[in-house]
Every structure is written in structure tokens, then in C-alpha cells.
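Here is what TrEMBL says about this protein:
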BINDING   Glu4  substrate binding site
BINDING   Arg89, Leu90, Gly91, Arg92, Gly93, Lys94, Gly95, Tyr96, Tyr97  ATP binding site
Amino acid sequence: MPDEVQTAEIIKDIFQRGKECFIPRYKPGGSHMDMIKLASYEEIASLPLTSWNIHQPADDDSREDALSMAGGLDLIFMPGLGFDKTGNRLGRGKGYYDTYLERCTHHPKGKPYTIALAFKEQICDMVPVTENDMKVDEILFESN
């Protein structure tokens, strides 16, 4: 999203290092999300746009899903509107990432490490949370 830390250079670096990269595919009207394998950095621009103006593979685009693979995921970069220093995250209210991370806990590899990429203005003393909200393991932001 335009108001979030942009990850293009991180994605380029992932491919330059020969690593696998997965991007979210959201299902409209619910809280279901999968992490789908991306073939290359250049491929992103050719993917269809969602109503949120995010490039993602189409529903009928069959690709590897991270949770169907034995290796699962090692790391997820988490978006958000706000974060507190104890790892609480305020998302956009749909629960996509919280639901996905809950599903990851049932994968043999378990929950991946989570890093929130934030602007310093997004760091708050406290953000509202519910029992379904999953904390992030680390928050990276530029400090003075």
C-alpha cells in the first residue's frame, strides 16, 4: 500500500541471493490469505491488481502455496498501520495476517519469524488488540 514501507528493493535482493519469495494472495469478502510463490521480481508488474491496487496472482493462477510445501516460510514482513514496542500490530481490520499466522502454527515448521517494517511515525505507546491478534517478533523503523 502507498502508506506502507515499500519492499521492492527487498524483493529484488531476495531473488539476487537465489532465495524463494512468496507474496500474499487475498480472497475478497473474508479473512483468507495464502502466500504464493513468485517466479521473479520482474513478474510482479504483470500480475493483476486487486481493489486495493496491490499486484497479486489471480485466483485461477495455480502456483505453489508456502503452507503446502514442507519448508513452509522462514520469515514474513508484516504490514500495518501502527505498532507498539511490545510487538502489537494494528492492521487494516480484515485479519488476513493474523489468520494466516494462526494457520502457520499448524504447519510442521511452525510460525515463521515476523518483522514489521514501519515508519517511526507508526510507533505508538499502545495499539488496540484482541485475543486473535498475533504479535510481531521484531519491528524495524528508522530512529533519530
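Glycine is treated like the rest: Cβ placed from N, Cα and C.
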Would you list the other residues of this chain near ATP - those whose C-beta lies within 8 angstroms of the C-beta centroid of Arg89, Leu90, Gly91, Arg92, Gly93, Lys94, Gly95, Tyr96, Tyr97 - in sequence order? Gly80, Asp98
Lowest 10 Å Cβ neighbour count of the binding-site residues Gly93, Gly95 is held by Gly93
I'd like the Cβ neighbour count for Arg89 (ATP binding site), meaning other Cβ atoms within 10 Å of its Cβ, all protein chains included. 24
Between Gly93 (ATP binding site) and the residue listed as 'substrate binding site', how far is it from one CA atom to the other, in Å? 15
Between Gly91 (ATP binding site) and the residue listed as 'substrate binding site', the C-alpha gap once rounded to whole angstrom: 11
Counting across all protein chains, other CB atoms within 10 angstroms of the CB of the residue listed as 'substrate binding site' number 16
What are the non-local neighbours of Tyr97 (ATP binding site), defined as same-chain residues 6+ apart in sequence with CB under 8 A from its CB? Met33, Ile76, Met78, Pro79, Arg89, Gly91, Met134
Between Glu4 (substrate binding site) and Gly95 (ATP binding site), what is the CA-CA distance rounded to a whole number of Å? 17
